[in-house]
Structure formats: structure tokens, C-alpha cells
Amino acid sequence: MNSLQGRFECMEKKQKIFLALLVFFLYLIPTFIQYSFDENFRISGVFLGLPRVLSGDEPHYLATIYSIAEDLDLDLENNYTDTYYNNQTDAGAIYSNTQGIEGAGRHCMYHGIGKGELCFPGHPIGMPLVFSIFLFPFANSTFLESAAIYLMMIVSVLTLFLLYKILKHYGASERHAIIVTLIWAFATPIWFYSKSLWPATLLMFLTTLSFYFFFVRKKFLPSSLLMSVAFVANYPMAILAGAKAFLLAKKKKFRGLAVFSIPIAITVAVTIIYTNLVIKVGHVPLRQLDTVGVGNIFFGLPALIFSPKFGLLVFSPILIFSLLGFREFYREHKDEAVWLALSFVFTWLLYSSVSYLASGIASFGPRYFVPFLPLFALPFMQWFKSNKNKYLWWLFLAVLAYSLLLNLAAVLFYPAFWDREVWWLASKVLIGA
């Protein structure tokens, strides 16, 4: 391990650029691997092509991006008009209300066909709003779908670069920063979500950049603006903003608290007003508003961590070592550690207490925790650079090998991991053999 770290320490600038390009291409190549499906949604073929959205809610986000990019307004009444899906199909033929899609040859969640009402997708508008700014050149084009995926991939790579800079700021040597960044790039679900249209990847970038401005640069206004965008993209992100406000209030930095809180408060108010107006004009079926129920929190708490379908440690076991390094991280960087702990715990409690969320609800691995993933690298780094126990090193190497294999398989064979137990593909291979 020390010899490997030494090689990274001696890397020249050109070698670092080469390594960055290698990461980029390793993220890029899997986007060309596509699968076709029969009418029973079983894999019928593999081919090379431009990336497409996968399943779940992604088509709805895509429809909203199309609507904003084409119309340059926030009138969501026409979201499902002239929206291309599968790089060729008018969404009017395959969208059913807001509850599902039907598309021959696609891996998708099928909820039945309705009468195709035009209505608001029922999902936060933040990610489509941000992406439409960059994707309007593809308006009225079938290539907007693929362009959106590639934009998400670029966001992932930028997040990794930002993580590298943050690690160096918090005392990581060159070799530690590079190694930990590479581990996070390929041994966590960041890799998988880089080729999807889930907002989780954008939230990850916004959370990491906001952390950088708040804790590294001590710039509260940029951090607040970033968290405001994150809130519009996913309302539970208010928890992360609240944890930062708590730290400012605890230290009696009331001026900083005002600078940080006012933009977020305005954003929350505008979002509530806008959503209320949308509901009043009938774009959102009321059945979507009354189905969120509180479930058994004692099921959700362990499930979100240990479930073989979506458990955080099952898909990111490398985070065990983040836990081992958290005590030292707290000693050296108390504010950052308190914020990370508060944000994670309260987000964990929220999702575990909502019944339909605590059951995973159609995703790959722990998508609710993806926004936190880069920042878990900070306590991991504390363990990584100080561990002297050779048995823990062997355990680390075994866990790392498992994590790399799992995430590589998920990126290349994504249908086998979509809303399935982590060992489902392995069982099929063994049975076939």
C-alpha cells in the first residue's frame, strides 16, 4: 500500500491530467452500452448506442426538461406534448398521466395505461430547471435525452474534482487525495448515477460545492444560493441547510445566519406559492398529495442501511471505514463533523419514517444518500492516512475489491441491479453455469 501511495506522490502534472482523462473515459464508455427488452420487459439484446433514461421517475424529469427548454417558461400544462423518449418516440404515445410509462423495448416501470391527461409530473422542478438552461440548444431534438445524460456525467466528474480539492484542503497529501477520489469514483454508486437522470447526482454536486463555500471559503451567500437550488430540486435538502443554520446560530454569527438563511427562506416561500398555484389549476391529481404516510420507522432505519436492495452499506461497504475515521475527523474538524452527522441522521430518519420511501421504491442502491457520498470521504481519509492495523488493511482491500466489482457490474449490466437484491446477477450466473 505504501509503495502505491508513493507513486501517486511523485506524479507530474501531465500524469495527473492523464489520470483525470482516464476517469472521464471510464465514466463515458459505459454510457454507450444499451439493452433492448421484449414485451415482458426481459432483456432481448445488447447494442451500442447513445444513452437513454432508465426507469422510475427519470422519464418525468426528462419531460419537464423538454417542456422548459422548448417553451422557455414554467407552464407545466404542456409537459407531455412533443416530448421525445427513447431518442425517437413522441411521449404522447407512451406517457400515462404521471404514474408510469409504457414503451416497447424499454426497461420501465409499468403502472397501467390511462387516458393520457396532461398534468404536472408531481416532482420537484429544480433539476429540470437547471438542466434546461444548458440543454435549450437541443430543444425540439431527439438528442436532448442523451445530452441530458452526458450533462449529468459531467456533473459527476466535476464533483469528483471538487472532492479532490476539498480533501487536499483538509490535510490530505497528494497521494491520499488522489487515491481516495479514485475509490469514491469507482467503488460507490456515484459511478452508476452518473449515467442516469435522477436528481441525486446534481444534488451531490450542489451539496459538495455548498460545503466548499461554507466551510472552506467561509462564503455564506454562495453556499445559501446553492442550497436554495438543491431545495427546489429535492425538498428534504432543507435538512442540510438547517444544519448549517444551526451551526451559525450556535456560534452566534447572526449576520452570517441572516445572509445564509434569507435566500433559502425566500426560495421556500416562492416554491410553496408556485406549487400551490399549480395545484389550484388542477395540474396535480389530489391522489398524489394524500398518499404519503408514516410507516414503521423501526423497519426503515435498518432497511436503508442493510437492505440487500438499497442498503447504504450493502452498496457502499467502503463507508464502514468512514465510520472508523469519524471520531478523529470530529476531533480535528468539529463543525464539519457535526454538520455531516446532523444532516445524515435527520435525512435517514425522514426517509425511514415515510412508508413508501423506506421500502426502496425502484432505484439502484441507496439513492437517497447519494448527495452525501462525496463528503463521507472526509472521515474515511482520516482512517486511511492513520491506520496502522494490518488486519484492517486486509479487510479494507477485500471490501474495496467487492465494491469495485459490484459497481462495475451495476454500470455495465444495470437492468440486473434495478430494484433487485445485490446478489441477483450473481445467482443467475451461477445457475446458468
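One-based numbering along the chain as shown.
Glycine is treated like the rest: Cβ placed from N, Cα and C.
Because TrEMBL annotations are produced automatically, they should be read as predictions rather than curated entries.
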_I'm validating the feature mapping. Which of 55-72, 109-126, 289-306 is tagged transmembrane segment in TrEMBL?_
289-306
_the transmembrane segment (391-417) versus listed stretches 17-37, 147-164, 198-216, 225-248, 254-277: most Cβ pairs under 8 Å_ = 17-37
*By a Cβ-Cβ criterion of under 8 Å, what residues six or more beyond either terminus of the transmembrane segment (147-164) are in contact with it?*
20, 23-24, 27-28, 31, 51-53, 62, 65, 131, 134-135, 138, 177-178, 180-181, 184-185, 190-191, 193-197, 201-202, 204-205, 208-209, 212, 374, 377
